[in-house]
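Listed features, source Swiss-Prot:
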- Asp73: active site, proton acceptor (ACT_SITE)
- Asp73, Gly74, Asn147, Asp148, Arg158, Arg175, Asp177, Thr188, Ala189, Tyr190, Ala191, Leu192, Ser193, Gln246: NAD(+) binding site (BINDING)
Amino acid sequence: MQIPFHTVGLVGKYDNQGMEASVRALAEFLRGRGHAVVLACQTAEHFGITDFPTRNLHDLATESDAVVVLGGDGTMLSIARELSAHGVPLIGINQGRLGFLTDITVDHMYDAVDEILSGQYVAEERILLKGQILRGGERVFEATAFNDVVVGKGGSGRLIDLEIAIDGEFVYSQRADGLVVTTPTGTTAYALSAGGPIVHPTLEAVALVPICPHTLSARPIVVSGRSRIELHLTYADDARVHFDGQHHFDLQSGDHVWITRANRPITLLHPHSYSYYDTLRQKLHWGKKL
């Protein structure tokens, strides 16, 4: 049985041209279709929208049956991390560039959102990662990632020496520009550029993709999504760990980065006609003459 969607939350990217018109129009459309519409406080304040109730993100997730995110993939990454603990499903309207996560175009948003909220949808559960940095045995930083956790070099441009263990078992050491630890969702992001595999987003798996390793034998590996991945920085003159490219923490030699699956997945809702492979063909231009 499909879940009912009475209350719908709206979140819009603030600095996107045309976003105000899209947020207003979609809110009016949903209200006209009988839904209770709630806007994120910052979205409403930024655009000066006063004729709809507003909530902070925590309360928005708690009170909404679904949340529509208008923006690009970066906006969806940020909102997904914020709301993942609440279990509210997300619908993505693309007003960015790529649109792997926000797969519905503005031109089709009325029909697509109406279709989803009427119960005709494809639901995907996607895992997130939790990363912790330990220094001298004490936790000094932690964050979550929807796409990836990336250990990379900083401004000095020097290589990083890493030892990698999975579930307490040593796997290998590497000297490289860094390492991408990615969810299946993130395999079409930075990991793809680093030569990693494309993993179907509903799989419970994690890929480890070296960035410019100083060896000819290094290859990406895919492990269980329930694995505990431990990265030990044996030498790091200038290194950082990045979470979805939106949060970072400076690392030192001797630091340990522990990465596990986050406690709760995020659920994305797509129109009934959605196809992941069609998205790959469109976004990666498969089969087109270059």
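Cβ atoms here come from the backbone N, Cα and C positions, even for glycine.
Known features from Swiss-Prot, placed on the structure.
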residue: Asp73; record: active site, proton acceptor; DSSP class: helix
residue: Asn147; record: NAD(+) binding site; DSSP class: coil
residue: Arg158; record: NAD(+) binding site; DSSP class: coil
residue: Asp177; record: NAD(+) binding site; DSSP class: coil
residue: Ala189; record: NAD(+) binding site; DSSP class: coil
Quiz prompt | Rounded distance in angstrom between the Cα atoms of the residue listed as 'active site, proton acceptor' and Asn147 (NAD(+) binding site) | solution = 10
Quiz item: Largest pairwise Cα distance, Å, within the listed NAD(+) binders Asp73, Gly74, Asn147, Asp148, Arg158, Arg175, Asp177, Thr188, Ala189, Tyr190, Ala191, Leu192, Ser193, Gln246?
Solution: 31
Exercise. Please name the residue among the binding-site residues Asn147, Ser193 whose C-beta has the most neighbouring C-beta atoms within 10 angstroms.
Key: Asn147
Practice problem: Mind telling me which of the recorded positions Asp73, Asp177, Ala191 has the densest Cβ neighbourhood, counting other Cβ atoms within 10 Å? | Solution: Ala191
Self-check item: For Ala189 (NAD(+) binding site): intrachain residues, at least 6 apart, with Cβ closer than 8 Å
Solution: Asp73, Phe100, Asn147, Asp148, Thr182
Self-check item: Chain-internal residues near Arg158 (NAD(+) binding site), provided their CB is under 8 angstroms and they sit 6+ positions away
Solution: Asp237, Asp238
